[in-house]
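Here is what TrEMBL records for this protein:
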type	residues	note
DOMAIN	A:1-109	domain 'Thioredoxin'
SITE	A:27	site 'Deprotonates C-terminal active site Cys'
DISULFID	A:33-A:36	disulfide bond
ACT_SITE	A:33	active site, nucleophile
SITE	A:34	site 'Contributes to redox potential value'
SITE	A:35	site 'Contributes to redox potential value'
ACT_SITE	A:36	active site, nucleophile
């Protein structure tokens with residue numbers, strides 16, 4: 001079963017990410033970004049493993065370009081990590097499951 | 001520990017072609033990928049020079065087909081990062097982030113990654129205006145003013161691709177001629193949205209939150225000047241992904257693995273194929289050919305060993 005990954009947009013970003021009680025992972029992706037598509041099943045798997053400890057979300061940058069640029073994401077794949085409404089860490093470019101889990105563990109403590 | 005006849009490291013065109021040939025020869029075959037299928041080919045929007053596709057094919061589509069073909073003959077896939085290869089008698093032990101696997105033959109097809117430009121601001125503004133993948137990021141630059149650095153096939157091809165999105169694309173090249181093939185050069189020269197700055201290098205990428213401008217230098221006149229830009233794409237060559245076999249197989253000074261024409265490295269039972277190998281022409285078609293040759297000789301090697 002795929003984990004629960006919430007689809008973000010400009011209307012729910014504040015509620016789901018900035019006001020979240022749990023730390024949040026935001027997966028910035030785009031339909032033309034092949035590495036992003038490769039990471040998607042990884043994120044779904046991690047969402048299941050870390051359910052209740054971290055919230056997993058994804059943002060389609062093709063449909064939310066302004067929001068992505070506003071968040072200073074202009075290159076894919078990028079993952080941002082938020083805690084208490086603040087950006088605390090980021091992964092960019094060439095990263096895989098290992099790097100993602102490392103960040104998650106560091107953030108959930 | 002799981003045992004295979006052949007383990008292939010990398011799922012780009014070389015690795016997938018090796019997996020296809022190996023699996024189709026009825027050898028038990030595992031291919032290991034760290035990121036996503038297709039390697040660099042999957043980040044290419046349009047591949048026009050792979051024979052058999054008269055009107056071109058997108059990189060992701062071509063490599064997805066290659067993977068399906070390899071899987072159809074029974075090749076298995078593992079998503080993991082390879083940390084190293086150890087030798088134990090005739091066994092080749094592949095150490096990964098998901099455990100160790102034993103093979104009779106290992107084919108290294110781990111490819112190459114974009115080289116960094118190495119100027120101030122590059123790392124600071126990575127993903128904030130600095131990019132290495134036009135296919136991934138072009139959509140962020142709709143109507144923008146972008147710069148591409150480099151003079152090879154990738155730089156010129158991606159600069160042309162970016163003109164579909166950006167208002168203006170400036171190609172910056174340190175020499176006075178392009179290294180890219182003639183057909184790409186002609187396309188670039190004919191493109192009205194594309195400007196080329198010859199004999200020019202990027203000295204610094206400057207911005208506050210995101211990239212705002214670059215400081216450039218003309219290497220002939222020594223003139224230093226600035227240009228305002230929204231983004232910069234860097235295509236200044238490749239660095240082979242061979243850290244994990246450093247000290248094990250012979251490499252040249254740039255880190256490319258040295259093989260003979262049968263794709264053999266200096267270690268029996270370890271082969272290399274594709275961009276990771278020291279060679280002159282790095283293309284999808286030559287990577288696929290390398291993979292086929294490596295798998296063929298792997299089969300011969302296994303037959304000889306098991307007699």
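The backbone N, Cα and C atoms fix where each Cβ goes, glycine too.
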### Query
So, by DSSP, how many helix, strand and coil residues make up the domain 'Thioredoxin' (A:1-109)?
40 helix, 28 strand, 41 coil
## Note on the structure
Of the recorded positions A:33, A:35, A:36, the one whose Cα sits nearest to the Cα of residue A:27 (site 'Deprotonates C-terminal active site Cys') is A:36
### Message
Looking only at the domain 'Thioredoxin' (A:1-109), what is the model's average confidence as pLDDT?
### Response
91
### Message
Return the count of C-beta atoms lying within 10 angstroms of the C-beta of residue A:35 (site 'Contributes to redox potential value'), excluding that atom itself.
### Response
21
